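> Annotations per Swiss-Prot:
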- Gly150, Thr151, Gln274, Thr332: pyridoxal 5'-phosphate binding site (BINDING)
- Lys300: N6-(pyridoxal phosphate)lysine (MOD_RES)
Amino acid sequence: MNRLPSSASALACSAHALNLIEKRTLNHEEMKALNREVIDYFKEHVNPGFLEYRKSVTAGGDYGAVEWQAGSLNTLVDTQGQEFIDCLGGFGIFNVGHRNPVVVSAVQNQLAKQPLHSQELLDPLRAMLAKTLAALTPGKLKYSFFCNSGTESVEAALKLAKAYQSPRGKFTFIATSGAFHGKSLGALSATAKSTFRRPFMPLLPGFRHVPFGNIDAMSMAFSEGKKTGDEIAAVILEPIQGEGGVILPPQGYLTEVRKLCDEFGALMILDEVQTGMGRTGKMFACEHENVQPDILCLAKALGGGVMPIGATIATEEVFSVLFDNPFLHTTTFGGNPLACAAALATINVLLEQNLPAQAEQKGDTLLDGFRQLAREYPNLVHDARGKGMLIAIEFVDNETGYRFASEMFRQRVLVAGTLNNAKTIRIEPPLTLTIELCEQVLKSARNALAAMQVSVEEV
């Protein structure tokens, strides 16, 4: 039987939500009721499958940790008042911390003036953000297209490369095994995990994947394309594969890829959606090798954890294919004043507080500690690796990795696995995480591994 729409029900539900938004605190009964509602609504209206992947939901589904507010720059508080150290960072969006006051203030001030742009009058913050990114990014990157997410920034990059290279008779893209570039149809064609790809086959033609970090395989793909007339339009890469398990290529790999692109007339697209904005100890990970891409993709932390925003930045030569018809690729909400205000404030905080350098220093502290734990628990931990505050702990199997994440949750530390490598747990906290909290995270990790070791020995 078809369900009839109910304006009364929708009105009551929205009014209830607005009442919750206004509240600063909840009493015990309100907390219990909200937990039940959220779990029920996820089951019935969002996706019940999500609950199976949440460490914060008990097996019986009778309790779930429902987030309520940021506790500080580096912590989250649930409806029960429990405070968690955030070592997940919303998959890398909270580089400047939770509710950073500079970012929040910028958005609030803009909200009081003009939340969204008219689409006809020129919006100043879009222009100022584009100018700021031109100054901040490496090489000849000059023009920016703004959107709402990392996937959208990759879609724009692929379309831009196609528009530039199609008149030159080049149509093929090289991506890499283990890559993650998003899940929309174009970005998914570059993504390499079969679980995400197979239900939507066939994807866009013209994509081939080579092993990440293997410059010989990359060179062969270029050479074969030249021989067969299937010439390469662009290479799309993450400088460090995030969802692939925080996989670092050999030193000099990006430099050699850049040389191949120059030799064969291909564009180099760097997807820094996760590695950008100071995460790896430099503002952009490509700066570790002084490599300059033709197109750069940003998102996640660009909005300061307050507003969603993505950016595709390109050289004038490449971006000029959109000059005659700027409507070839547009988005209604991309580059809106609130998002641009957040991005400008985020960049200001990153530079004023020198957070990339802090990420390098504190990342070394964390990585040294995790490597020590790997030596102490070799039957549980296979490897610890990373750069800056993008760190991975690889366990011996998927179940051990999931158990570690659950134990860390009990220690009130949020971590999670990577999408393409389930046995790898990422440590991706705000760059504002204090040294004291870094030490607490390492202590919690030691406690978690000790508890896991006891379970292994009992078996």
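Glycine residues also receive a Cβ, built from the backbone N, Cα and C atoms like all the rest.
Predicted, not measured: the structure shown is a model, and the values here were computed from it.
Could you place these features in context, so I can see how deep they sit and what lies close by?
Other Cβ atoms within 10 Å of the Cβ of Thr151 (pyridoxal 5'-phosphate binding site) number 21 in total over all chains.
Remark: Lys300 (N6-(pyridoxal phosphate)lysine) has Gly90, Phe91, Gly92, Ile93, Gly150, Val273, Gln274, Gly276, Met277 as non-local neighbours, by Cβ distance under 8 Å and separation of at least 6 in sequence. Classification of Lys300 (N6-(pyridoxal phosphate)lysine) by DSSP places it within a helix.
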> For Thr332 (pyridoxal 5'-phosphate binding site), which residues of its chain lie six or more apart in sequence with Cβ-Cβ distance below 8 Å?
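Correct list: Gln119.
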> Count the Cβ atoms, other than its own, that fall within 10 Å of the Cβ of Gln274 (pyridoxal 5'-phosphate binding site), considering every protein chain shown.
28
